[in-house]
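As annotated by TrEMBL, region 'Disordered' applies to 80-111. Residues or ranges marked as compositional bias 'Basic and acidic residues' in TrEMBL: 97-110.
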Amino acid sequence: MHLTHGPPTPCNSFLYCGWYQARSPASTISNERQVGGKESLPVKQVTVCAILVAVAAGVPLKEDEVVPILYHNSNGPEPDGSYSYSFETGNGIRVNEQGEPRKSSQKDSESEYALYVQGSFNYPSPDGTPISLNYVADENGFQPQGEHLPTPPPVPEAILRALDYIAAHPEEDKQRK
């Protein structure tokens with residue numbers, strides 16, 4: 001299979017454009033899955049689309065450049081709600097993701113279950129620098145990790161000294177309250 005207009009996006013990818021809906025055992029009007037008896041957002045689709053759009057935006061291609069899909073594997077969604085997929089393209093994009101419902105650890109959650117997703121994607125930046133991002137998405141939100149992501153500035157020395165003082169003198173802190 002070849003892409004005729006850029007890297008995989010929701011509009012020109014084998015992964016989407018009806019493929020998921022056509023193969024889903026629960027495909028009717030929508031692709032929503034039920035987890036724990038309640039309808040949930042089509043998390044797999046939203047996650048895949050977001051990743052593919054982000055990757056597509058980072059890789060400049062000529063209009064007529066054909067990028068082959070070197071590898072594609074997709075499993076699920078299974079009856080328990082789990083799934084996995086991965087693919088690699090000829091221009092260096094690699095994507096891998098697995099997801100499964102897990103018991104929610106948050107007591108005030110609407111559902112007993114939450115979708116736990118982990119994955120990664122890699123692609124070359126326009127200047128050729130390899131970009132790699134690993135992530136977890138669960139009831140606590142999307143948690144990306146990558147060398148290219150910005151890091152917070154260091155805590156100022158005065159703040160560190162103040163925290164040390166507070167820890168060393170808890171009785172004074174209690175008097176203020």
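Here, residue 1 is simply the first one shown, and the rest follow in order.
Heads up, the Cβ atoms here are built off N, Cα and C, so glycines get one too.
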Residue distribution over DSSP helix, strand and coil in the compositional bias 'Basic and acidic residues' (97-110): 0 helix, 7 strand, 7 coil
Composition by DSSP (helix, strand, coil) of residues within the region 'Disordered' (80-111): 0 helix, 17 strand, 15 coil
